Amino acid sequence: MVAATATSSTLSKPPSLPFNHTHVFPKTPSILPTLPRPAVKRLFLVSSKNPLSDVLSVPTAAATACDDDKPREECGVVGIYGDPEASRLCYLALHALQHRGQEGAGIVTVNNNVLQSITGVGLVSDVFNESKLDQLPGSLAIGHVRYSTAGQSMLKNVQPFVAGYRFGSVGVAHNGNLVNYGTLRSNLEDSGSIFNTTSDTEVVLHLIATSKHRPFILRIVDACEKLKGAYSIVFVTEDKLVAVRDPFGFRPLVMGRRSNGAVVFASETCALDLIEATYEREVFPGEVVVVDKNGVQSLCLMSHPQPKQCIFEHIYFALPNSVVFGRSVYESRRRFGEILASESPVDCDVVIAVPDSGVVAALGYAAKAGVPFQQGLIRSHYVGRTFIEPSQKIRDFGVKLKLSPVRAVLEGKRVVVVDDSIVRGTTSSKIVRLLKEAGAKEVHMRIASPPIIGSCYYGVDTPSSEELISNRMSVEEIRDFIGSDSLAFLPFDSLKNLLGTESPNFCYACFSGNYPVEPTELKVKRVGDFVDDGLNGSLESIGGGWVQANPNQIKAGS
(Lines of atoms letter the chains of each structure in order from A and count residues from 1; the text may use other names and numbers.)
(Lines give C-alpha, C1' and ligand atoms only; values in the text may rest on other atoms or scores of the structure.)
Protein backbone atom coordinates (compact mmCIF):
# COMPACT_ATOMS: atom_id res chain seq x y z
CA MET A 1 0.00 0.00 0.00
CA VAL A 2 1.37 3.33 -1.02
CA ALA A 3 -0.14 6.53 0.32
CA ALA A 4 0.29 10.07 -0.91
CA THR A 5 -0.68 12.99 1.26
CA ALA A 6 -1.18 16.62 0.45
CA THR A 7 -3.17 19.64 1.45
CA SER A 8 -5.52 21.21 -1.01
CA SER A 9 -8.01 24.02 -1.10
CA THR A 10 -11.64 23.05 -1.46
CA LEU A 11 -13.29 23.81 -4.77
CA SER A 12 -16.81 25.08 -4.43
CA LYS A 13 -19.30 24.64 -7.22
CA PRO A 14 -19.90 27.90 -9.12
CA PRO A 15 -23.45 29.23 -8.95
CA SER A 16 -23.90 28.44 -12.63
CA LEU A 17 -21.70 26.69 -15.13
CA PRO A 18 -20.92 28.54 -18.36
CA PHE A 19 -22.45 25.98 -20.72
CA ASN A 20 -25.27 25.89 -23.12
CA HIS A 21 -27.64 22.94 -23.00
CA THR A 22 -27.54 22.58 -19.22
CA HIS A 23 -30.34 20.37 -18.01
CA VAL A 24 -31.25 18.82 -14.67
CA PHE A 25 -33.15 15.58 -15.19
CA PRO A 26 -36.47 15.28 -13.36
CA LYS A 27 -35.70 11.78 -12.08
CA THR A 28 -32.77 13.07 -10.09
CA PRO A 29 -33.36 12.43 -6.37
CA SER A 30 -33.43 15.60 -4.32
CA ILE A 31 -30.66 14.33 -2.05
CA LEU A 32 -27.95 11.82 -2.81
CA PRO A 33 -25.36 10.66 -0.27
CA THR A 34 -22.73 13.31 0.26
CA LEU A 35 -19.21 13.05 1.51
CA PRO A 36 -17.66 14.96 4.43
CA ARG A 37 -14.90 17.38 3.45
CA PRO A 38 -12.07 17.65 5.96
CA ALA A 39 -9.82 20.67 5.69
CA VAL A 40 -6.73 18.51 5.22
CA LYS A 41 -7.11 15.37 3.14
CA ARG A 42 -5.06 12.56 1.76
CA LEU A 43 -5.48 12.61 -1.97
CA PHE A 44 -5.42 8.95 -2.85
CA LEU A 45 -4.43 5.48 -1.74
CA VAL A 46 -3.24 2.89 -4.22
CA SER A 47 -3.23 -0.84 -3.67
CA SER A 48 -2.85 -3.78 -5.97
CA LYS A 49 -3.24 -7.51 -6.12
CA ASN A 50 0.11 -7.79 -7.85
CA PRO A 51 3.44 -6.05 -7.23
CA LEU A 52 4.60 -3.87 -10.11
CA SER A 53 7.12 -6.51 -11.08
CA ASP A 54 4.36 -8.94 -11.97
CA VAL A 55 3.96 -9.45 -15.67
CA LEU A 56 1.19 -11.40 -17.31
CA SER A 57 2.84 -14.05 -19.45
CA VAL A 58 2.29 -13.91 -23.16
CA PRO A 59 -0.07 -16.72 -24.18
CA THR A 60 1.23 -19.01 -26.87
CA ALA A 61 -0.22 -18.92 -30.36
CA ALA A 62 -2.05 -22.15 -29.67
CA ALA A 63 -3.67 -20.78 -26.53
CA THR A 64 -5.27 -17.86 -28.32
CA ALA A 65 -5.73 -19.27 -31.79
CA CYS A 66 -9.49 -18.69 -31.80
CA ASP A 67 -9.45 -15.24 -30.25
CA ASP A 68 -6.42 -13.72 -31.96
CA ASP A 69 -8.20 -13.93 -35.29
CA LYS A 70 -10.91 -11.59 -34.01
CA PRO A 71 -10.88 -7.84 -33.43
CA ARG A 72 -10.58 -7.01 -29.75
CA GLU A 73 -12.66 -4.45 -27.95
CA GLU A 74 -10.16 -2.86 -25.64
CA CYS A 75 -12.09 -2.27 -22.44
CA GLY A 76 -15.24 -1.59 -20.47
CA VAL A 77 -16.02 1.10 -17.91
CA VAL A 78 -18.42 1.51 -14.98
CA GLY A 79 -19.31 4.46 -12.74
CA ILE A 80 -21.61 4.48 -9.71
CA TYR A 81 -22.75 7.43 -7.58
CA GLY A 82 -24.90 7.32 -4.47
CA ASP A 83 -24.91 3.67 -3.35
CA PRO A 84 -23.29 2.61 -0.04
CA GLU A 85 -22.18 -0.63 -1.72
CA ALA A 86 -20.66 1.10 -4.73
CA SER A 87 -17.51 -1.05 -4.89
CA ARG A 88 -19.44 -4.32 -4.80
CA LEU A 89 -21.87 -3.14 -7.43
CA CYS A 90 -18.92 -1.98 -9.49
CA TYR A 91 -17.37 -5.43 -9.11
CA LEU A 92 -20.55 -7.12 -10.35
CA ALA A 93 -20.92 -4.71 -13.25
CA LEU A 94 -17.34 -5.40 -14.30
CA HIS A 95 -18.18 -9.10 -14.27
CA ALA A 96 -20.96 -8.39 -16.75
CA LEU A 97 -18.45 -6.52 -18.93
CA GLN A 98 -15.70 -9.14 -18.64
CA HIS A 99 -16.05 -9.98 -22.34
CA ARG A 100 -14.77 -6.48 -23.14
CA GLY A 101 -11.48 -6.99 -21.31
CA GLN A 102 -9.78 -9.94 -19.69
CA GLU A 103 -6.22 -8.77 -19.06
CA GLY A 104 -6.72 -6.51 -16.06
CA ALA A 105 -9.31 -4.92 -13.80
CA GLY A 106 -9.49 -2.08 -11.31
CA ILE A 107 -11.84 -0.14 -9.06
CA VAL A 108 -11.49 3.32 -7.49
CA THR A 109 -13.79 4.41 -4.67
CA VAL A 110 -14.13 7.61 -2.65
CA ASN A 111 -14.31 7.46 1.13
CA ASN A 112 -13.94 10.49 3.38
CA ASN A 113 -12.61 12.48 0.43
CA VAL A 114 -9.87 9.92 -0.25
CA LEU A 115 -9.67 8.15 -3.62
CA GLN A 116 -8.77 4.52 -2.96
CA SER A 117 -7.63 2.30 -5.81
CA ILE A 118 -7.12 -1.43 -6.25
CA THR A 119 -6.00 -2.79 -9.61
CA GLY A 120 -4.61 -6.09 -10.76
CA VAL A 121 -3.72 -8.23 -13.73
CA GLY A 122 -6.18 -10.96 -14.69
CA LEU A 123 -9.93 -11.51 -14.57
CA VAL A 124 -12.20 -9.53 -12.26
CA SER A 125 -12.55 -12.57 -9.99
CA ASP A 126 -8.76 -12.95 -9.89
CA VAL A 127 -8.16 -9.35 -8.85
CA PHE A 128 -10.95 -8.91 -6.28
CA ASN A 129 -12.20 -10.89 -3.32
CA GLU A 130 -14.18 -10.08 -0.20
CA SER A 131 -11.22 -8.64 1.69
CA LYS A 132 -10.18 -6.46 -1.24
CA LEU A 133 -13.67 -5.04 -1.61
CA ASP A 134 -13.74 -4.36 2.14
CA GLN A 135 -10.82 -1.99 1.51
CA LEU A 136 -12.99 0.03 -0.90
CA PRO A 137 -15.79 1.61 1.13
CA GLY A 138 -17.78 4.57 -0.12
CA SER A 139 -20.82 5.44 -2.19
CA LEU A 140 -18.89 6.66 -5.25
CA ALA A 141 -16.85 4.36 -7.51
CA ILE A 142 -15.54 3.79 -11.02
CA GLY A 143 -14.22 0.57 -12.53
CA HIS A 144 -12.46 -0.71 -15.61
CA VAL A 145 -11.73 -3.99 -17.38
CA ARG A 146 -8.89 -3.99 -19.88
CA TYR A 147 -7.87 -5.93 -22.92
CA SER A 148 -4.16 -5.76 -23.45
CA THR A 149 -3.16 -4.57 -26.90
CA ALA A 150 0.20 -5.92 -26.00
CA GLY A 151 2.62 -8.77 -25.79
CA GLN A 152 3.01 -8.03 -22.07
CA SER A 153 0.57 -6.38 -19.70
CA MET A 154 2.06 -4.50 -16.80
CA LEU A 155 0.08 -3.61 -13.73
CA LYS A 156 0.90 0.08 -14.10
CA ASN A 157 -1.13 0.15 -17.33
CA VAL A 158 -4.25 -1.25 -15.68
CA GLN A 159 -6.94 1.36 -15.11
CA PRO A 160 -8.54 3.26 -13.48
CA PHE A 161 -5.65 5.69 -13.13
CA VAL A 162 -5.55 7.98 -10.10
CA ALA A 163 -3.57 11.20 -9.90
CA GLY A 164 -3.29 14.17 -7.60
CA TYR A 165 -3.00 17.75 -8.80
CA ARG A 166 -3.01 21.09 -7.05
CA PHE A 167 -6.80 21.25 -6.61
CA GLY A 168 -7.44 17.69 -5.52
CA SER A 169 -7.33 14.23 -7.00
CA VAL A 170 -9.03 12.50 -9.90
CA GLY A 171 -9.54 8.96 -11.12
CA VAL A 172 -10.22 8.05 -14.75
CA ALA A 173 -11.30 4.97 -16.72
CA HIS A 174 -11.28 5.18 -20.51
CA ASN A 175 -12.68 3.13 -23.38
CA GLY A 176 -11.42 4.14 -26.81
CA ASN A 177 -8.30 5.30 -28.59
CA LEU A 178 -6.86 8.75 -29.26
CA VAL A 179 -5.58 9.19 -32.79
CA ASN A 180 -3.49 12.23 -31.78
CA TYR A 181 -1.96 10.57 -28.71
CA GLY A 182 1.63 10.86 -29.95
CA THR A 183 1.37 14.57 -30.64
CA LEU A 184 -0.33 15.30 -27.33
CA ARG A 185 2.21 13.28 -25.38
CA SER A 186 5.17 14.90 -27.13
CA ASN A 187 3.80 18.38 -26.43
CA LEU A 188 3.19 17.54 -22.78
CA GLU A 189 6.68 16.05 -22.37
CA ASP A 190 8.16 19.17 -23.96
CA SER A 191 6.36 21.14 -21.25
CA GLY A 192 7.80 18.98 -18.48
CA SER A 193 5.19 16.26 -17.99
CA ILE A 194 6.50 12.89 -16.88
CA PHE A 195 4.60 9.78 -17.93
CA ASN A 196 4.38 6.60 -15.93
CA THR A 197 2.56 4.41 -18.47
CA THR A 198 2.27 3.85 -22.20
CA SER A 199 -1.50 4.36 -22.16
CA ASP A 200 -3.16 7.21 -24.01
CA THR A 201 -5.47 7.57 -21.01
CA GLU A 202 -2.66 9.14 -19.01
CA VAL A 203 -2.58 12.01 -21.52
CA VAL A 204 -6.11 12.95 -20.39
CA LEU A 205 -4.96 13.27 -16.77
CA HIS A 206 -2.04 15.50 -17.76
CA LEU A 207 -4.31 17.72 -19.85
CA ILE A 208 -6.66 18.14 -16.88
CA ALA A 209 -3.80 18.92 -14.51
CA THR A 210 -2.25 21.50 -16.83
CA SER A 211 -5.51 23.21 -17.76
CA LYS A 212 -5.77 26.86 -16.71
CA HIS A 213 -9.46 26.58 -15.85
CA ARG A 214 -10.43 26.38 -12.20
CA PRO A 215 -13.72 24.44 -11.97
CA PHE A 216 -13.00 20.77 -12.52
CA ILE A 217 -15.75 20.43 -15.12
CA LEU A 218 -14.17 23.17 -17.22
CA ARG A 219 -10.83 21.37 -16.95
CA ILE A 220 -12.44 18.24 -18.39
CA VAL A 221 -13.99 20.20 -21.23
CA ASP A 222 -10.71 21.97 -21.90
CA ALA A 223 -8.87 18.63 -22.00
CA CYS A 224 -11.43 16.89 -24.20
CA GLU A 225 -11.38 19.70 -26.73
CA LYS A 226 -7.76 18.71 -27.42
CA LEU A 227 -8.56 15.02 -27.91
CA LYS A 228 -9.16 13.46 -31.31
CA GLY A 229 -10.54 9.98 -31.70
CA ALA A 230 -12.75 7.73 -29.63
CA TYR A 231 -13.34 8.10 -25.91
CA SER A 232 -16.04 7.09 -23.50
CA ILE A 233 -14.65 8.09 -20.11
CA VAL A 234 -15.77 8.09 -16.50
CA PHE A 235 -14.03 10.39 -14.00
CA VAL A 236 -14.29 10.48 -10.23
CA THR A 237 -13.26 13.26 -7.85
CA GLU A 238 -13.78 13.68 -4.12
CA ASP A 239 -17.45 14.53 -4.68
CA LYS A 240 -18.34 14.05 -8.33
CA LEU A 241 -18.86 11.35 -10.92
CA VAL A 242 -18.45 12.56 -14.50
CA ALA A 243 -19.15 10.70 -17.75
CA VAL A 244 -17.94 11.95 -21.12
CA ARG A 245 -18.44 10.68 -24.66
CA ASP A 246 -16.54 11.90 -27.70
CA PRO A 247 -18.37 14.06 -30.28
CA PHE A 248 -18.71 11.16 -32.73
CA GLY A 249 -19.89 8.66 -30.09
CA PHE A 250 -17.68 5.86 -31.40
CA ARG A 251 -17.79 3.76 -28.22
CA PRO A 252 -20.96 3.09 -26.22
CA LEU A 253 -21.78 4.53 -22.80
CA VAL A 254 -25.17 4.26 -21.11
CA MET A 255 -26.78 5.74 -18.02
CA GLY A 256 -29.12 4.00 -15.59
CA ARG A 257 -30.52 4.35 -12.11
CA ARG A 258 -31.09 1.97 -9.21
CA SER A 259 -34.25 2.02 -7.12
CA ASN A 260 -32.44 3.87 -4.31
CA GLY A 261 -31.60 6.73 -6.70
CA ALA A 262 -27.98 5.72 -7.34
CA VAL A 263 -26.81 6.75 -10.80
CA VAL A 264 -24.89 4.21 -12.88
CA PHE A 265 -22.84 4.54 -16.07
CA ALA A 266 -21.62 1.51 -18.00
CA SER A 267 -20.32 0.49 -21.40
CA GLU A 268 -23.28 -1.83 -21.94
CA THR A 269 -26.79 -2.30 -20.60
CA CYS A 270 -25.98 -5.88 -19.56
CA ALA A 271 -24.02 -4.35 -16.65
CA LEU A 272 -27.09 -2.34 -15.60
CA ASP A 273 -29.23 -5.48 -15.72
CA LEU A 274 -26.98 -7.43 -13.36
CA ILE A 275 -27.01 -4.77 -10.64
CA GLU A 276 -30.72 -4.04 -11.12
CA ALA A 277 -30.33 -0.55 -12.51
CA THR A 278 -32.99 0.69 -14.91
CA TYR A 279 -31.69 1.86 -18.26
CA GLU A 280 -32.50 5.53 -18.83
CA ARG A 281 -30.57 6.62 -21.90
CA GLU A 282 -27.23 6.82 -23.65
CA VAL A 283 -24.69 9.46 -22.83
CA PHE A 284 -25.00 11.49 -26.00
CA PRO A 285 -22.07 12.12 -28.34
CA GLY A 286 -20.24 15.26 -27.22
CA GLU A 287 -21.94 15.27 -23.81
CA VAL A 288 -20.58 15.65 -20.29
CA VAL A 289 -22.83 14.27 -17.55
CA VAL A 290 -21.98 15.44 -14.02
CA VAL A 291 -23.42 13.71 -10.95
CA ASP A 292 -22.94 15.21 -7.49
CA LYS A 293 -24.97 16.17 -4.43
CA ASN A 294 -26.96 18.62 -6.56
CA GLY A 295 -28.21 15.87 -8.87
CA VAL A 296 -27.46 15.17 -12.52
CA GLN A 297 -26.44 17.85 -14.96
CA SER A 298 -26.08 17.36 -18.70
CA LEU A 299 -23.54 19.68 -20.31
CA CYS A 300 -22.71 20.20 -23.95
CA LEU A 301 -19.03 19.35 -24.40
CA MET A 302 -18.79 20.81 -27.89
CA SER A 303 -20.73 20.94 -31.10
CA HIS A 304 -20.79 17.46 -32.52
CA PRO A 305 -21.05 16.22 -36.09
CA GLN A 306 -23.00 13.23 -37.37
CA PRO A 307 -22.55 10.38 -34.86
CA LYS A 308 -20.28 7.57 -36.00
CA GLN A 309 -21.06 4.66 -33.68
CA CYS A 310 -18.98 1.49 -34.02
CA ILE A 311 -20.98 -1.06 -36.03
CA PHE A 312 -18.79 -3.85 -34.64
CA GLU A 313 -20.50 -3.47 -31.28
CA HIS A 314 -23.54 -5.09 -32.95
CA ILE A 315 -21.50 -7.58 -34.96
CA TYR A 316 -19.17 -8.92 -32.29
CA PHE A 317 -18.23 -6.94 -29.19
CA ALA A 318 -21.41 -6.48 -27.18
CA LEU A 319 -23.32 -9.26 -25.46
CA PRO A 320 -26.56 -10.27 -27.24
CA ASN A 321 -28.65 -9.23 -24.23
CA SER A 322 -27.38 -5.63 -24.39
CA VAL A 323 -28.99 -2.63 -26.00
CA VAL A 324 -26.26 -0.66 -27.76
CA PHE A 325 -26.81 2.66 -29.56
CA GLY A 326 -30.52 2.23 -28.90
CA ARG A 327 -30.75 -1.10 -30.75
CA SER A 328 -31.02 -4.66 -29.46
CA VAL A 329 -27.79 -6.51 -30.23
CA TYR A 330 -29.68 -9.81 -30.38
CA GLU A 331 -32.13 -8.49 -32.97
CA SER A 332 -29.32 -7.04 -35.08
CA ARG A 333 -27.44 -10.33 -35.20
CA ARG A 334 -30.58 -12.34 -35.89
CA ARG A 335 -31.38 -10.08 -38.83
CA PHE A 336 -27.79 -10.40 -40.12
CA GLY A 337 -28.34 -14.15 -40.31
CA GLU A 338 -31.68 -13.76 -42.04
CA ILE A 339 -30.12 -11.52 -44.68
CA LEU A 340 -27.39 -14.09 -45.33
CA ALA A 341 -30.01 -16.83 -45.77
CA SER A 342 -31.99 -14.68 -48.20
CA GLU A 343 -29.10 -13.29 -50.24
CA SER A 344 -26.61 -16.18 -50.09
CA PRO A 345 -28.70 -19.36 -49.88
CA VAL A 346 -27.24 -22.82 -50.33
CA ASP A 347 -28.70 -26.33 -50.16
CA CYS A 348 -27.77 -27.70 -46.76
CA ASP A 349 -28.85 -30.16 -44.09
CA VAL A 350 -27.86 -28.35 -40.92
CA VAL A 351 -26.84 -24.86 -39.74
CA ILE A 352 -24.21 -24.51 -37.01
CA ALA A 353 -22.41 -21.58 -35.43
CA VAL A 354 -18.88 -20.75 -34.41
CA PRO A 355 -19.60 -20.13 -30.72
CA ASP A 356 -20.27 -17.89 -29.06
CA SER A 357 -20.51 -14.77 -31.21
CA GLY A 358 -21.92 -16.54 -34.28
CA VAL A 359 -24.83 -18.21 -32.49
CA VAL A 360 -27.55 -15.59 -32.86
CA ALA A 361 -26.80 -14.95 -36.54
CA ALA A 362 -26.87 -18.73 -37.12
CA LEU A 363 -30.27 -18.93 -35.46
CA GLY A 364 -31.50 -16.22 -37.81
CA TYR A 365 -30.05 -18.00 -40.82
CA ALA A 366 -31.59 -21.35 -39.85
CA ALA A 367 -35.04 -19.88 -39.20
CA LYS A 368 -35.08 -18.02 -42.51
CA ALA A 369 -33.73 -20.99 -44.50
CA GLY A 370 -36.04 -23.49 -42.80
CA VAL A 371 -33.09 -25.69 -41.88
CA PRO A 372 -32.48 -27.05 -38.35
CA PHE A 373 -29.92 -25.28 -36.17
CA GLN A 374 -27.74 -27.61 -34.15
CA GLN A 375 -24.63 -27.40 -32.01
CA GLY A 376 -21.99 -28.72 -34.35
CA LEU A 377 -19.13 -27.06 -32.45
CA ILE A 378 -18.84 -27.11 -28.66
CA ARG A 379 -16.72 -24.40 -27.09
CA SER A 380 -14.65 -25.13 -24.01
CA HIS A 381 -14.97 -22.34 -21.45
CA TYR A 382 -12.27 -23.76 -19.21
CA VAL A 383 -9.14 -23.13 -21.25
CA GLY A 384 -6.78 -21.11 -19.11
CA ARG A 385 -3.91 -18.96 -20.26
CA THR A 386 -1.36 -21.62 -19.31
CA PHE A 387 -1.46 -25.30 -20.19
CA ILE A 388 0.84 -28.13 -21.18
CA GLU A 389 1.27 -28.38 -24.93
CA PRO A 390 2.37 -31.80 -26.18
CA SER A 391 5.89 -31.99 -27.53
CA GLN A 392 4.64 -33.93 -30.54
CA LYS A 393 2.94 -31.36 -32.75
CA ILE A 394 -0.82 -31.73 -33.04
CA ARG A 395 -2.29 -29.95 -36.05
CA ASP A 396 -4.65 -27.09 -35.20
CA PHE A 397 -3.98 -27.68 -31.51
CA GLY A 398 -5.17 -24.25 -30.36
CA VAL A 399 -8.50 -24.46 -32.18
CA LYS A 400 -9.08 -28.03 -31.02
CA LEU A 401 -8.41 -26.93 -27.46
CA LYS A 402 -11.32 -24.50 -27.62
CA LEU A 403 -13.69 -25.95 -30.23
CA SER A 404 -14.78 -29.57 -30.41
CA PRO A 405 -16.82 -30.84 -33.39
CA VAL A 406 -19.89 -33.02 -32.81
CA ARG A 407 -19.58 -35.88 -35.26
CA ALA A 408 -23.23 -36.95 -34.81
CA VAL A 409 -24.34 -33.55 -36.09
CA LEU A 410 -21.81 -33.26 -38.91
CA GLU A 411 -21.15 -36.67 -40.41
CA GLY A 412 -22.38 -36.96 -43.97
CA LYS A 413 -24.13 -33.56 -43.79
CA ARG A 414 -24.01 -30.45 -45.92
CA VAL A 415 -23.19 -27.89 -43.25
CA VAL A 416 -23.61 -24.12 -43.16
CA VAL A 417 -21.35 -22.64 -40.48
CA VAL A 418 -22.02 -19.04 -39.44
CA ASP A 419 -19.32 -16.83 -37.94
CA ASP A 420 -19.33 -13.12 -37.13
CA SER A 421 -16.23 -12.09 -39.10
CA ILE A 422 -13.04 -13.18 -40.83
CA VAL A 423 -9.90 -11.21 -40.00
CA ARG A 424 -6.76 -13.09 -41.06
CA GLY A 425 -8.53 -16.25 -42.16
CA THR A 426 -6.22 -18.59 -40.28
CA THR A 427 -8.80 -19.70 -37.72
CA SER A 428 -11.53 -20.08 -40.35
CA SER A 429 -9.33 -22.45 -42.35
CA LYS A 430 -8.70 -24.55 -39.26
CA ILE A 431 -12.42 -24.68 -38.41
CA VAL A 432 -13.29 -25.80 -41.95
CA ARG A 433 -10.67 -28.54 -41.75
CA LEU A 434 -11.94 -29.56 -38.31
CA LEU A 435 -15.50 -29.93 -39.61
CA LYS A 436 -14.48 -31.94 -42.64
CA GLU A 437 -12.31 -34.23 -40.55
CA ALA A 438 -15.40 -34.82 -38.36
CA GLY A 439 -17.26 -36.09 -41.42
CA ALA A 440 -19.00 -33.05 -42.89
CA LYS A 441 -19.81 -33.70 -46.54
CA GLU A 442 -19.77 -30.00 -47.45
CA VAL A 443 -18.86 -26.89 -45.45
CA HIS A 444 -20.36 -23.55 -46.45
CA MET A 445 -19.10 -20.49 -44.56
CA ARG A 446 -21.47 -17.58 -44.00
CA ILE A 447 -20.02 -14.44 -42.37
CA ALA A 448 -22.40 -12.07 -40.53
CA SER A 449 -20.42 -8.94 -41.46
CA PRO A 450 -18.97 -7.40 -44.62
CA PRO A 451 -15.31 -8.08 -45.46
CA ILE A 452 -12.89 -6.21 -43.16
CA ILE A 453 -10.46 -4.22 -45.30
CA GLY A 454 -9.27 -1.46 -42.94
CA SER A 455 -7.69 -1.22 -39.50
CA CYS A 456 -9.54 0.47 -36.67
CA TYR A 457 -8.11 3.55 -34.94
CA TYR A 458 -10.96 4.09 -32.49
CA GLY A 459 -10.42 1.65 -29.64
CA VAL A 460 -10.47 -1.71 -31.39
CA ASP A 461 -7.37 -3.85 -31.60
CA THR A 462 -7.16 -4.97 -35.25
CA PRO A 463 -4.24 -6.04 -37.40
CA SER A 464 -2.60 -3.74 -39.91
CA SER A 465 -4.34 -3.61 -43.27
CA GLU A 466 -1.67 -5.83 -44.81
CA GLU A 467 -2.67 -8.64 -42.44
CA LEU A 468 -6.40 -8.43 -43.23
CA ILE A 469 -7.20 -11.23 -45.65
CA SER A 470 -10.11 -9.35 -47.26
CA ASN A 471 -7.76 -6.48 -48.05
CA ARG A 472 -5.50 -8.85 -49.99
CA MET A 473 -7.86 -11.39 -51.54
CA SER A 474 -11.17 -11.62 -53.34
CA VAL A 475 -14.03 -13.61 -51.79
CA GLU A 476 -13.24 -16.54 -54.08
CA GLU A 477 -9.56 -16.43 -53.15
CA ILE A 478 -10.50 -16.40 -49.45
CA ARG A 479 -12.84 -19.36 -50.02
CA ASP A 480 -9.99 -21.26 -51.62
CA PHE A 481 -7.61 -20.28 -48.77
CA ILE A 482 -9.93 -21.47 -45.98
CA GLY A 483 -11.02 -24.57 -47.93
CA SER A 484 -14.79 -24.15 -47.71
CA ASP A 485 -17.18 -25.27 -50.44
CA SER A 486 -18.70 -21.79 -50.57
CA LEU A 487 -18.23 -18.48 -48.79
CA ALA A 488 -20.45 -15.42 -48.49
CA PHE A 489 -20.23 -12.23 -46.45
CA LEU A 490 -23.04 -9.97 -45.30
CA PRO A 491 -23.42 -7.46 -48.16
CA PHE A 492 -22.40 -3.97 -47.11
CA ASP A 493 -25.40 -2.34 -48.79
CA SER A 494 -27.77 -4.80 -47.11
CA LEU A 495 -26.28 -3.95 -43.72
CA LYS A 496 -26.87 -0.25 -44.32
CA ASN A 497 -30.40 -0.90 -45.60
CA LEU A 498 -31.17 -2.85 -42.44
CA LEU A 499 -30.12 0.11 -40.30
CA GLY A 500 -32.36 2.37 -42.38
CA THR A 501 -32.43 6.01 -41.37
CA GLU A 502 -29.88 5.29 -38.62
CA SER A 503 -27.31 4.04 -41.14
CA PRO A 504 -25.41 7.38 -41.40
CA ASN A 505 -24.92 7.31 -37.62
CA PHE A 506 -22.55 4.32 -37.75
CA CYS A 507 -18.84 4.03 -38.47
CA TYR A 508 -17.97 1.54 -41.22
CA ALA A 509 -14.28 2.41 -41.57
CA CYS A 510 -13.20 -1.23 -41.21
CA PHE A 511 -15.39 -2.14 -44.20
CA SER A 512 -14.89 0.93 -46.38
CA GLY A 513 -11.56 2.52 -45.44
CA ASN A 514 -13.37 5.86 -44.96
CA TYR A 515 -12.36 7.28 -41.57
CA PRO A 516 -14.61 9.83 -39.80
CA VAL A 517 -11.60 11.15 -37.87
CA GLU A 518 -8.46 10.90 -39.93
CA PRO A 519 -5.67 9.14 -38.01
CA THR A 520 -3.10 11.83 -38.75
CA GLU A 521 -0.28 9.90 -37.10
CA LEU A 522 -0.96 7.05 -39.53
CA LYS A 523 -0.08 4.29 -37.12
CA VAL A 524 -1.92 1.22 -35.99
CA LYS A 525 -1.15 -1.35 -33.32
CA ARG A 526 0.28 -4.63 -34.50
CA VAL A 527 -1.56 -7.37 -32.63
CA GLY A 528 0.59 -9.40 -30.29
CA ASP A 529 3.77 -7.44 -30.99
CA PHE A 530 3.31 -4.17 -29.15
CA VAL A 531 5.23 -4.39 -25.88
CA ASP A 532 2.95 -2.24 -23.75
CA ASP A 533 4.97 -2.67 -20.59
CA GLY A 534 5.38 0.92 -19.49
CA LEU A 535 9.04 0.41 -18.70
CA ASN A 536 10.30 3.10 -21.05
CA GLY A 537 8.80 6.54 -21.25
CA SER A 538 9.85 7.73 -24.68
CA LEU A 539 7.68 7.37 -27.75
CA GLU A 540 10.59 5.71 -29.55
CA SER A 541 10.49 2.84 -27.09
CA ILE A 542 6.95 1.98 -28.09
CA GLY A 543 7.39 2.71 -31.77
CA GLY A 544 8.43 -0.85 -32.49
CA GLY A 545 4.94 -2.06 -31.72
CA TRP A 546 3.29 0.14 -34.31
CA VAL A 547 3.20 -0.15 -38.08
CA GLN A 548 2.54 2.51 -40.64
CA ALA A 549 -0.98 2.51 -41.95
CA ASN A 550 -1.53 2.62 -45.67
CA PRO A 551 -2.04 6.33 -46.47
CA ASN A 552 -3.85 5.40 -49.67
CA GLN A 553 -6.54 3.69 -47.63
CA ILE A 554 -7.23 6.62 -45.39
CA LYS A 555 -9.98 8.86 -46.66
CA ALA A 556 -11.53 11.24 -44.21
CA GLY A 557 -15.27 11.04 -44.38
CA SER A 558 -18.22 8.97 -43.28
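Glycine residues also receive a Cβ, built from the backbone N, Cα and C atoms like all the rest.
The feature active site, nucleophile is assigned by TrEMBL to Cys75. Non-local contacts of Cys75 (active site, nucleophile) by the CB criterion (under 8 A, 6+ apart in sequence, same chain) comprise Arg100, Gly101, His144, Val145, Arg146, Tyr147, Gln159, Ala173, His174, Asn175, Ser267, Gly459.
For 75-294, the entry in TrEMBL reads domain 'Glutamine amidotransferase type-2'.
According to TrEMBL, the [4Fe-4S] cluster binding site annotation covers Cys310, Cys456, Cys507, Cys510.
The 10 Å shell around the Cβ of Ser357 (Mg(2+) binding site) contains 22 further Cβ atoms across the protein chains shown. Residues or ranges marked as Mg(2+) binding site in TrEMBL: Ser357, Asp419, Asp420.
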Taking the mean position of the Cβ atoms of Cys310, Cys456, Cys507, Cys510 as the [4Fe-4S] cluster site, which residues outside that list, in the same chain, have a Cβ no more than 8 Å away, listed in sequence order?
Phe250, Ile311, Phe312, Tyr458, Val460, Tyr508, Ala509
Near the Cβ of Cys310 ([4Fe-4S] cluster binding site), how many other Cβ atoms are there if near means within 10 Å?
29
How far is it from Cys310 ([4Fe-4S] cluster binding site) to Asp420 (Mg(2+) binding site), counting Cα to Cα, in Å?
15
Within 10 Å of the Cβ of Cys510 ([4Fe-4S] cluster binding site), how many other Cβ atoms are there?
29
Within a 10 Å radius around the Cβ, which one of these binding-site residues has the most neighbouring Cβ atoms: Asp419, Asp420?
Asp420
